[in-house]
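Report on the following structure.
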Amino acid sequence: MGNVQTSVNTYNITGDGNSFTPTSDMTSTAAPAIDLKPGVLNPTGKLWRPVGTSVATIDSLAIVSDRFGQYSFVNEGMRETFSKALFDINMWQPLFQATKTGCGPIVLSSFTTTTSGYVGATAGDALDNPVTNGVFISTVQVMNLQRTIAARMRDVALWQQHLDTAMTMLTPDISAGSASCNWKSLLAFAKDILPLDNLCLTYPNEFYNVAIHRYPALKPGNPDTKLPDAQAHPLGEVAGAFNAATSEVGSLVGSSSTLSQAISTMAGKDLDLIEADTPLPVSVFTPSLAPRSYRPAFIKPEDAKWIAEFNNSSLIRKTLTYSGATYAVQLGPGPTRVIDMNAMIDSVLTLDVSGTILPYDTNPDLSTSVPAFVLIQTSVPIQQVTTAANITAITVVSAAGASAINLAINVRGQPRFNMLHLQATFERETITGIPYIYGLGTFLIPSPTSSSNFSNPTLMDGLLTVTPVLLRETTYKGEVVDAIVPATVMANQTSEEVASALANDAIVLVSNHLNKLANVVGDAIPVASKTDDSATSAIVSRLAVQHKLSQVGQTSPTPPDYPLLWRRAKRAASMFVSNPSLALQVGIPVLTQSGMLSALTSGVGTALRTGSLGKGVTDASEKLRARQSLTVAKQAFFDQIGSLWPGK
């Protein structure tokens, strides 16, 4: 059967010469980027005309209003947006005709009015903006256009779903080279595989005529030459070509997007201030309300000011009444780490003790005890507590609903907690005026015996998650600060201090800044590859100067080993991208030396601002080989279709 061609180029899906030849030169595309947000569509100004006189003045101008409502000016941006929307809808005209829905293509001029007048939001604005033969849209026309587009898009959405199902099954895009498959074999394959209710089987020619505008792999044939028709090209071929991956730099669009995002992040987040040696307002460092998790039993008080420790030579027990029963809370034996609530931030505290060992085989007291999170008030700092009399009050803020033995599961002979979370919301106002108050996860012991004399019942080895709800102030080294000197924070902490810092700590705020910088460097600069990059070269320059300075005054100065400097710089840059918080820690080679991060930030910023579309795209030959391997696999798939569904 030959193709039936008319002046509107209607093609038959089974026509002679139809072919399926995907190529990496162009990807499938035709869907327009339609931005119908208010910021794009308004305000554009109303139509004004003089009333009672032919002379336009502020006093004589009035908004034009008739039975169609007021008239808004259709500027170039609005016209382009509407045109793209209609372009997308009208592409489906073959199906609208076949299903007898719609009334022909939608034409924007049918919903607009061309006239002259003045355009503005006020009479004063309009007087300065005369328009001759401008395009306007009335209130009624806007509503009609909106309803028309919405009605058509309802049908298009369903058809698009069915077409997507059919075409993705055929895999019409490849990332390198070209491939081909017998078109009639593909038709037989699709007919067998597609669900019976897929509309592509009901309206094959109509869907085919839509698809050839969207998928470059589909090439309808000329009935005379039995070759692809020279007139048939996808409507989105410009975008398709620029979206396609090239052997040189991959996707130009993707490269451009990476570059643009990196530049915006560098500028918008003030990442160049990361090593400033002057005070910066805390507001420069955007705080994060992301939760952070800790195991308080293993945090030393010297590493985190919000951890305190009871470490009396003998244990202490204090009784309390909870839910009508009497229990004892025990501190010790040995060090017992608690939360200094006056150093804690407003937050939701969740102590997860799931899987924690329950040694009630050696301490039977625990089997009848209740896991709980309590607040302990003392008359002296907890480090100075020596007797139960020093404890003035104990409040249970969260407790399990059963005793420990009913919450346990045996794992390889060891009793452990089932999933159990002790959760409480903490607000600083609730402890105002209480100088010594501490949080502790522990057991409420109903009748302690000598078995507990040698077993510390603390549950602070559980995972404590602190989810901030309000960050009132910023702290550093336990002191409240209203400004941060980044240079003093850099390379000035142990890894334990970094890990145990609360969300309002300057360490965390600067760490968040470092993470953003590391993301920019990692996304836009080929740090992890063997390529010499701007991040590495920025560090090398500082290392070379440092080496020269170290040789000043020596009788036989040693010249720098430049290949070694490049390797050290590459390791430092890679280390920063993979774990940026290392820059906060003491003793990390190269990365924590003064000026290194400043050099890296400056070098990367310069490289990005002067970069090209290819920035951030490296190892192109390796990527090309990988893409070619995918094409080989797809061609093998197409060959199997041709063999299993021979075209007739």
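Backbone N, Cα and C atoms are what each Cβ position is placed from, and that goes for glycine too.
Feature annotations, courtesy of Swiss-Prot:
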- Gly2: N-myristoyl glycine (LIPID)
- Asn12: N-linked glycosylation site (CARBOHYD)
- Asn311: N-linked glycosylation site (CARBOHYD)
- Asn312: N-linked glycosylation site (CARBOHYD)
- Asn390: N-linked glycosylation site (CARBOHYD)
- Asn453: N-linked glycosylation site (CARBOHYD)
- Asn492: N-linked glycosylation site (CARBOHYD)
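Features recorded in Swiss-Prot, as mapped to the structure shown.
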{"residue": "Asn12", "record": "N-linked glycosylation site", "DSSP (3 states)": "coil"}
{"residue": "Asn311", "record": "N-linked glycosylation site", "DSSP (3 states)": "coil"}
{"residue": "Asn390", "record": "N-linked glycosylation site", "DSSP (3 states)": "helix"}
{"residue": "Asn453", "record": "N-linked glycosylation site", "DSSP (3 states)": "helix"}
{"residue": "Asn492", "record": "N-linked glycosylation site", "DSSP (3 states)": "coil"}
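When the glycosylation sites Asn12, Asn311, Asn453 are scored by other C-beta atoms within 10 Å, Asn12 scores highest. Ranking the glycosylation sites Asn312, Asn390, Asn492 by other CB atoms within 10 A of the CB puts Asn492 at the bottom. Cα separation, Asn12 (N-linked glycosylation site) to Asn492 (N-linked glycosylation site), rounded: 73 Å. Checked against Asn390 (N-linked glycosylation site), the glycosylation sites Asn311, Asn453, Asn492 differ in C-alpha distance, with Asn311 being the nearest.
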